[in-house]
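Data first, discussion second: the structure below is written as structure tokens.
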Amino acid sequence: MEDPKRLEEGFGNGTKLTTFANGDQDKKVAETVHENEEKSRTTLDLPAEEQKDEQPLIKQKTKRVATLDAFRGLTIVLMILVDDAGGAYPRIDHSPWNGCTLADFVLPFFLFIVGVAVALALKRVPEVKSAIRKIVLRTLKLVFWGILLQGGYSHAPYNLSYGVDMKQIRWCGILQRIALVYFVVALIEALTTKLRPTSLKSGHFSIFTAYKWQWIGGFVAFIIYMITTFSLFVPDWSFVVYEDDKAERYTVKCGMRGHLGPACNAVGYVDRQVWGINHLYAEPVWARLRACTFSSPGSGLFREDAPTWCRAPFEPEGLLSSVSAIVTGTIGVHYGHVLIHYKDHAERLKQWVLMGVGLLITACVLHFTDAIPINKQLYSFSYVCFTAGAAAIVFSGLYILIDVWGLRTPFLFLEWIGMNAMLVFVMAAQGIFAAFVNGWYFENPNNNLVKWIQQHVFIDVWKSERLGTLLYVIFAEIAFWAVVSGLLHKLGIYWKL
């Protein structure tokens, strides 16, 4: 934990003020800096990016873009909600295949705000080599935490054991995908620092041409994904299911290319070839499809006539789908560039909303014509457009409410969570804090404080497991971590990578 500096985005003559968190009163000081490197941070890091310019040592009134923290906090809140209440409300849990639910917006929202943060953090790069070293180091940290939390080593919150068989470790996950996207977009941003303009030419599309290398990078990722998805031949494949100390092998018949269904898509084939089938996610959401269970969209026993692939592993954060996710990060970088170059609220919103609406329209056309269905598991191009468009609209809406209209107080809890997003992600979304509490049980591990509160304070009082679970998540998790994050903010304590 440390007391880091926090960005203030200047709206006047470009002077940047650095704020030190200190209770409710922040000290704002303009710093003269000659050869100081700017720190890039991911969406799970600090509230904003530290940026330093050569400016006279004078005080200047600035306005902070609080929407960045609020959007980041909203994404964390959505993750906690859908992860812990999704079992009670399957309609908000991940879509079993085609379609988009509330849970399916979480990861793209993370990647979107990663892009925005990268654009601000790397607005100026005095020393490219040093910046690249920091980008690589931060990427490795994200990968390490991702494997530790989602690779099978941690069994939180209810299983108090730890450890993973290296023959079955899961190499992919949420933080690993964020790491890849961050690495690519940040690297392009750092390497093109001398090619970027200090001011834009006139015209709506000038900002696109000014940052053509960022868009070229996103386009390359798009081409790689599309060509591989529709041209790679997928042969028959098999897997083994271990149940009751018995092993049974299943075979999935494919022998095709360009398939976008669960069994024979190129996304799954690439992961099976690169990582190995034993290192993929063992409980894919497609098991909740109607073809697999009569309990759909919820979880349940497999149908007797369920296809063999219903029992197969599949990696939702796999390699090829993560290449497609780079496009989401690229779109986020563009929104950060708009924030940097346009100082007028109306012009910013015009750029953001027009692009967001265009993305949503593109996604709907692709989906409803069955050209490319919206699919989170494949991270299809229509899914990229739909979720990035939604992120753009939500980001613009928060910007209007918080930064234009000044309605900051109702969203302070989101800002606090966003300022300590990495901490809340690890402790709440990944269940580490709940596992710590559960470790102090009475007589047996199932008789612990977390389950007692959930059962007796919420479920029994409301006489409903579904409603009680939802209220528990809202008050005992989201509200609790909002308060903790607020206290840490007052103390100036943040967890950054």
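Placement of Cβ uses the backbone N, Cα and C atoms for every residue, glycine included.
Caution: TrEMBL annotation is automatic and unverified by curators.
Positions annotated as region 'Disordered' by TrEMBL: 1-20 (among others).
Residues or ranges marked as compositional bias 'Basic and acidic residues' in TrEMBL: 25-42.
Annotation source TrEMBL lists region 'Disordered' at 25-57 (among others).
Per TrEMBL, domain 'Heparan-alpha-glucosaminide N-acetyltransferase catalytic' is recorded for 64-202.
The transmembrane segment annotation in TrEMBL covers 65-82 (among others).
If you look up TrEMBL, you'll see 102-123 (among others) marked as transmembrane segment.
Marked as transmembrane segment by TrEMBL: 135-154 (among others).
Residues or ranges marked as transmembrane segment by TrEMBL: 174-192 (among others).
The transmembrane segment annotation in TrEMBL covers 213-234 (among others).
Taken from TrEMBL, the feature transmembrane segment covers 319-340 (among others).
With a threshold of 8 Å between CB atoms, the same-chain residues lying at least 6 positions outside the transmembrane segment (352-369) that come near it are 98, 331, 334-335, 338, 381-386, 388-393, 395-396, 399. Sequence annotations record features per position, and here TrEMBL assigns transmembrane segment to 352-369 (among others).
What TrEMBL lists as transmembrane segment is 381-402 (among others). Sequence-distant contacts of the transmembrane segment (381-402) (same chain, at least 6 residues past either end, Cβ-Cβ under 8 Å): 65-67, 70-71, 74, 100, 104-105, 108-109, 112-113, 116, 222, 225-226, 324-325, 327-328, 331-332, 335, 345, 348-349, 352-353, 355-360, 362-364, 366-367, 371-375, 408, 411.
The transmembrane segment annotation in TrEMBL covers 423-442 (among others).
Residues or ranges marked as transmembrane segment by TrEMBL: 470-488 (among others).
Taking Cβ pairs closer than 8 Å, the transmembrane segment (135-154) reaches residues 40-42, 44, 162-165, 168-171, 173-176, 178-180, 182-183, 186-187, 190, 426, 430, 432, 435, 497 in its own chain, all 6 or more past its ends. Residues 9, 65, 107-108, 111-120, 123, 172, 176-177, 180-182, 184-185, 189, 207-208, 210-211, 214-215, 217-218, 221-222, 224-225, 228-229, 266-267, 270-271, 274-275, 348, 351-352, 355, 359, 377-381, 384, 387-388, 391-392, 395 of the same chain, all 6+ positions outside the transmembrane segment (319-340), place their C-beta atoms under 8 angstroms from a C-beta of that stretch. With DSSP states grouped into helix (H, G, I), strand (E, B) and coil, the domain 'Heparan-alpha-glucosaminide N-acetyltransferase catalytic' (64-202) comes out at 86 helix, 4 strand, 49 coil. Non-local neighbours of the transmembrane segment (423-442) in the same chain are 44, 76, 79-80, 83, 145, 149-150, 154-158, 160, 417, 448-451, 477, 481, 485, 488, 494-495; each lies 6+ residues outside the stretch with a CB under 8 Å from one of its CB atoms. In the predicted model, residues of the domain 'Heparan-alpha-glucosaminide N-acetyltransferase catalytic' (64-202) average a pLDDT of 92.
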